[in-house]
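K.L.:
My structure is below; once you've seen it, I'll send some questions.
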Amino acid sequence: MAAANRLVVFIALISLTSSPALATDGKPLQDYCVADKGGGTRGMPMNGFACKPPQSVTPNDFTFSGLNKPGDTANPAGFKVTLVTVDQIPGLNTQGLSMGRLDFGPGGVNAPHIHPRASEMLIVMEGSLEVGFVTTLPETKLITKVLQAGEAFVFPQALTHYQRNVGKGPAVAISALDSQNPGTQRVVAAVLGSNPKLPVEVVAKALQADNNVAAQLLSKFK
């Protein structure tokens, strides 16, 4: 290969490996990069936020208060998550980490969902939770277990998973995810609640139902 061609290939490889579109949460290259919300936003073509000037960094940039407060589970799902991401702790920027407190009322469910950019570890702090995830095709195997306080469970990255309170009282769990912005896509809401709506015929085929049933289900999501 000519030297000029080798140089072109080398430059192409560098541009691909450094492309924000292909990058995941990488290792930080400095002690910290506290998010400067005015200097970099998710609307810009960059992963995370620009760094706040070090001289303006304070301990509050690394602190969050509120995980001791129960979430309000008085809703149809009987579930509430209190997120701790870079939006709550600017010092999480570039650290590849986020977490949350999950509160469940009796019978409460964190409906099937996906975190496209993160694996998740959950530990039950109070109550009993049924947890599970579904593997990819062709097996689509459900791996599930009932956890008690003090027990932990791992949800692999980008697999559909859920939690359900199977105890008589409230349940509380803490989850940790290996991305500062893991993302959440709720499976049913993605299919039935997209904007604009998926075609009725597509939903009917996916659910193996007739068009009237599909239209009725679509109408429940405004």
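The backbone N, Cα and C atoms fix where each Cβ goes, glycine too.
Feature table excerpt (TrEMBL):
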- ASN110, HIS115, GLU120: oxalate binding site (BINDING)
- HIS113, HIS115, GLU120, HIS161: Mn(2+) binding site (BINDING)
- CYS33-CYS51: disulfide bond (DISULFID)
- 65-215: domain 'Cupin type-1' (DOMAIN)
- 1-23: signal peptide (SIGNAL)
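Give me the structural setting of these features: burial, nearby parts and distances.
P.N.:
Sequence-distant contacts (6 or more apart, same chain, Cβ under 8 Å) of HIS115 (oxalate binding site) comprise PHE155, GLN157, ALA158, LEU177, SER179, PRO182, GLY183, THR184.
Taking a C-beta cut-off of under 8 angstroms and a sequence separation of 6 or more, CYS33 (disulfide bond) has the following same-chain neighbours: GLY48, PHE49, CYS51, LYS52, ASN93, THR94.
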K.L.:
Taking the mean position of the Cβ atoms of HIS113, HIS115, GLU120, HIS161 as the Mn(2+) site, which residues outside that list, in the same chain, have a Cβ no more than 8 Å away, listed in sequence order?
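P.N.:
Output for this site, in sequence order: ILE114, ALA118, PHE133, PHE155, LEU159, THR160, PRO182, THR184.
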K.L.:
Return the residues near HIS113 (Mn(2+) binding site), defined as same-chain residues 6+ apart in sequence whose C-beta is under 8 angstroms from its C-beta, sorted by sequence, else 'none'.
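P.N.:
Same-chain residues close to HIS113 (Mn(2+) binding site) (Cβ under 8 Å, separated by 6 or more) are THR160, HIS161, TYR162, THR184, GLN185, ARG186, VAL187.
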